[in-house]
Amino acid sequence: MEGTNKTVLTEFILLGLSKYPKLEIFFSVLCMTTYIVILFGNGVIIILSILDSHLHTPMYFFLSNLSFLDICYTSSFVPKMLVNWLSTRKSLSFSGCAAQMSISFAMGTTECLLLAVMAYDRYVAICNPLRYPIVMNRTVYVHLTALCWLIGGLNSLFQTILTMQLPFCGKNVIDHFTCEIVTVMHLACTDISLNELIMLVATVIFTLTPLLLIVVSYFFILSTILKIRSAEGRSKAFSTCSAHLTVVIIFYGSVLLMYMKPKSKASLTTDKLIAMFYGIFTPMLNPIIYSLRNKDVNAAVKKVLSRNLSLWKL
């Protein structure tokens with residue numbers, strides 16, 4: 001037992017879909033294509049938000065941060081996941097696992113908080129339109145965004161340190177695509193009840209509390225929209241928050257389905273596919289949802305393209 005306790009873990013083995021080699025080939029092509037779309041779509045949103053002065057508003061500032069967050073999140077695990085799928089040894093170093101876990105957890109926490117801040121932004125814009133420029137001035141929305149990143153980073157750092165300090169006693173096989181913090185925690189050869197309690201408290205504070213704030217914000221938003229007499233006014237008011245509401249439903253729907261679903265060995269492959277949808281396809285959908293039928297984004301794209309064409313002709 002003493003020799004086991006002194007075992008130094010240097011790497012983790014990620015099983016992924018190794019039991020289904022044909023599925024690995026299919027999903028490697030699918031995920032590579034999706035990752036390229038994520039980089040391009042979210043990159044365009046960020047560039048447009050910087051170049052077009054008409055998009056220098058709180059909503060597009062939050063959106064550009066959301067796009068940057070999605071790029072960081074997917075880049076933390078997709079490239080390594082693709083390499084593992086196409087190689088025989090599906091390993092990840094101990095430090096690499098810690099980094100992957102820390103980045104992905106930080107991005108997840110930050111996104112929950114950022115979506116709540118975006119809901120508050122929509123609440124002020126619709127329920128208090130006259131005070132909107134004062135309430136959501138540049139100093140306020142920049143500080144709110146910075147606070148989301150800071151809290152997400154600190155929470156992730158704290159959870160990662162607690163997890164990686166656990167004794168693993170040589171157990172290093174993770175039946176997943178990535179170093180998911182809960183899965184890694186359960187490899188420890190010690191009592192993890194305190195870690196699970198801390199994780200539960202953090203989940204309630206940084207995941208469910210933002211969801212509650214979003215629900216409350218949209219309750220007041222819906223109440224205000226229903227009081228608008230003209231159908232055109234109601235449609236215009238609802239369209240300003242429909243994209244955000246769609247992203248919230250997809251994001252939290254995937255998270256709740258993944259973590260609230262009863263776990264069983266028979267459904268392990270299903271759980272992995274749900275995790276893949278949450279981790280890869282949701283970041284791909286965000287720029288599509290926000291740019292689809294969005295006049296401001298479409299106008300910005302045309303403006304940037306026409307400007308580049310003019311410079312090319314010169």
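Don't overthink the numbers, they just go from 1 along the chain as shown.
Each residue, glycine too, has its Cβ placed from N, Cα and C.
Within the same chain, residues 17, 55, 63-64, 67-68, 70-71, 74, 78-79, 81-82, 85-86, 276, 280-281, 283-284, 286-288, 290-291, 297, 300-301, 304 sit at least 6 positions outside the transmembrane segment (25-48) and bring their C-beta atoms closer than 8 Å to a C-beta of that stretch. According to TrEMBL, the transmembrane segment annotation covers 25-48 (among others).
The domain 'G-protein coupled receptors family 1 profile' annotation in TrEMBL covers 41-290.
Annotated transmembrane segment per TrEMBL: 60-78 (among others), in sequence order. Counting residues 6+ beyond its ends, the transmembrane segment (60-78) has Cβ neighbours under 8 Å at 31, 35, 38-39, 41-43, 45-46, 49-50, 99-100, 103-104, 107-108, 110-111, 114-115, 117-118, 121, 141-142, 145, 148-149, 177-179, 247, 279-280, 283, 286-287, 290, 296 in the same chain.
The transmembrane segment annotation in TrEMBL covers 98-120 (among others).
According to TrEMBL, the feature transmembrane segment maps to 140-158 (among others). Sequence-distant contacts of the transmembrane segment (140-158) (same chain, at least 6 residues past either end, Cβ-Cβ under 8 Å): 58, 61-62, 65, 102-103, 105-111, 113-114, 117, 121, 202, 206.
According to TrEMBL, the feature transmembrane segment maps to 197-221 (among others).
Beyond the ends of the transmembrane segment (242-261), by six or more residues, the same chain brings 66, 111, 115, 118-119, 122, 207, 211, 214, 218, 267, 271, 274-275, 277-278, 282, 285-286, 289-290, 292, 294 to within a C-beta distance below 8 angstroms of the stretch. Among the features that TrEMBL reports, transmembrane segment is placed at 242-261 (among others).
For 273-292 (among others), the entry in TrEMBL reads transmembrane segment.
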